[in-house]
Amino acid sequence: MNFYKKKPVVIFLMGPTACGKSQLAICLRKYLSIELISVDSALIYRGMDIGTDKPSFSDLYNHPHRLLNIKDPVENYSAAEFQKDVLREIDEIIKLGKIPCLVGGSMFYYNVLLHGLSILPPSNIKLREYLIQKSYEKNYLYKKLKLIDPISASRIHKNDFQRLIRALEIFYLSGKSLTELKKKNNYKLPYNIFQFAIIPPNKEWLNNKIELRIKKMLMLGFQKEVEILFLRGDLHKNLPSIRCIGYRQMWEYLEYKNSYKDMFNKIIHATRKLAKHQLTWLKNWKNINKIEYHSTSTILAKKVLDVLEKNDFSV
């Protein structure tokens, strides 16, 4: 296919969890000269495959995903690191004469890529230690941020301690909220970006799809996967990796803090909340092409290709 005439093209494939984003991305490789980049804050971790629903070994062998399996679960990975890494990968793919195709459901990462990060104060060890201690008080960080910066609070889950701590840290160090600092940002990407989002047919369908995925996850040995992490000894449930949905709930089950049934129900509840959060992001997202879900990836791919063809592409 021919590239867009002026700027290099980048494709975003977004959507709530369990809507077939990865399958669509793989299918598009039949029609477009694309390279895939994962945009998922859970898929970055090695040894966390079942609970994150990573593409199969066969799919990854035939359709490699960049920014996948790049961190050990004990390591942190900031939005700034993602921004740096993804821009590097995008430029490398463009130099190969191909189109970068970003696929995943981490809406905050997409937002960082599109709008950038303001020049933010570096982390302060003493302040961070204080905020970490306060994180043990139920909802303290979230309530505090809601008073200081309600816009940022609306975009951060109340249990996402890493982002809550960073947002509060920025305010205490700079005297300005994260939202205020972002408004001063003149960041703009030098690409022609086509954004697509798979939209589920209805809430009931998505809820059923999520429950089926979690049942499959447990059948595939998710408990054993978390047990291996649990027995390492260097991991704990306040790490970003173990706070990933499913892992935290299974971790607490292994600590005898809830029953198997409670663990299962909590994973379902947390996953449904995530999907709702993702859909809220997408509802207010600008310049997005929404495509209705279809069980056949080829039909979804055709919808993507139709949009591209209308914008001076020849496929």
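Using N, Cα and C of the backbone, Cβ positions are placed for all residues, glycine too.
On a predicted model such as this, the values are computed, not experimentally measured, just so you know.
According to Swiss-Prot, the protein carries these features:
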{"type": "BINDING", "residues": "G15, P16, T17, A18, C19, G20, K21, S22", "note": "ATP binding site"}
{"type": "BINDING", "residues": "T17, A18, C19, G20, K21, S22", "note": "substrate binding site"}
{"type": "REGION", "residues": "40-43", "note": "region 'Interaction with substrate tRNA'"}
{"type": "SITE", "residues": "S106", "note": "site 'Interaction with substrate tRNA'"}
{"type": "SITE", "residues": "R128", "note": "site 'Interaction with substrate tRNA'"}
{"type": "REGION", "residues": "162-166", "note": "region 'Interaction with substrate tRNA'"}
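Sequence features, as recorded in Swiss-Prot, placed on the structure.
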residue: G15; record: ATP binding site; contacts (Cβ under 8 Å, 6+ apart): K21, G105, A197, I198, I199, P200, Q278, L282
residue: P16; record: ATP binding site; contacts (Cβ under 8 Å, 6+ apart): G105, I198, P200, L206, L274, A275, K276, Q278, L279, L282
residue: T17; record: ATP binding site; contacts (Cβ under 8 Å, 6+ apart): G105, I210, R213, T271, L274, A275, Q278
residue: A18; record: ATP binding site; contacts (Cβ under 8 Å, 6+ apart): L206, K209, I210, R213, T271, A275
residue: C19; record: ATP binding site; contacts (Cβ under 8 Å, 6+ apart): I198, I199, P200, L206, K209, Y293
residue: G20; record: ATP binding site; contacts (Cβ under 8 Å, 6+ apart): I198, Y293, S295, S297, L300
residue: S22; record: ATP binding site; contacts (Cβ under 8 Å, 6+ apart): P55, D59, V103
residue: S106; record: site 'Interaction with substrate tRNA'; contacts (Cβ under 8 Å, 6+ apart): V39, D40, S41
residue: R128; record: site 'Interaction with substrate tRNA'; contacts (Cβ under 8 Å, 6+ apart): I165, E169
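Note on K21 (ATP binding site): other Cβ atoms within 10 Å of its Cβ, all shown chains, come to 22. Taking the centroid of the Cβ atoms of G15, P16, T17, A18, C19, G20, K21, S22 as the ATP site, the other same-chain residues with Cβ within 8 Å of it are G105, I198. Sorting the region 'Interaction with substrate tRNA' (40-43) by DSSP state (H, G, I as helix; E, B as strand; all else coil) yields 0 helix, 0 strand, 4 coil.
For the region 'Interaction with substrate tRNA' (162-166), the residues of the chain that approach it from at least six positions outside its boundaries are 76, 78, 108, 123, 128, 131-132, 135, 141-142, 145, 156, 240, 243, judged by C-beta separation under 8 angstroms.
Same-chain neighbours of the substrate site beyond T17, A18, C19, G20, K21, S22, judged by a C-beta within 8 angstroms of the site's C-beta center, are, in sequence order, G15, P16, Q23, G105, I198.
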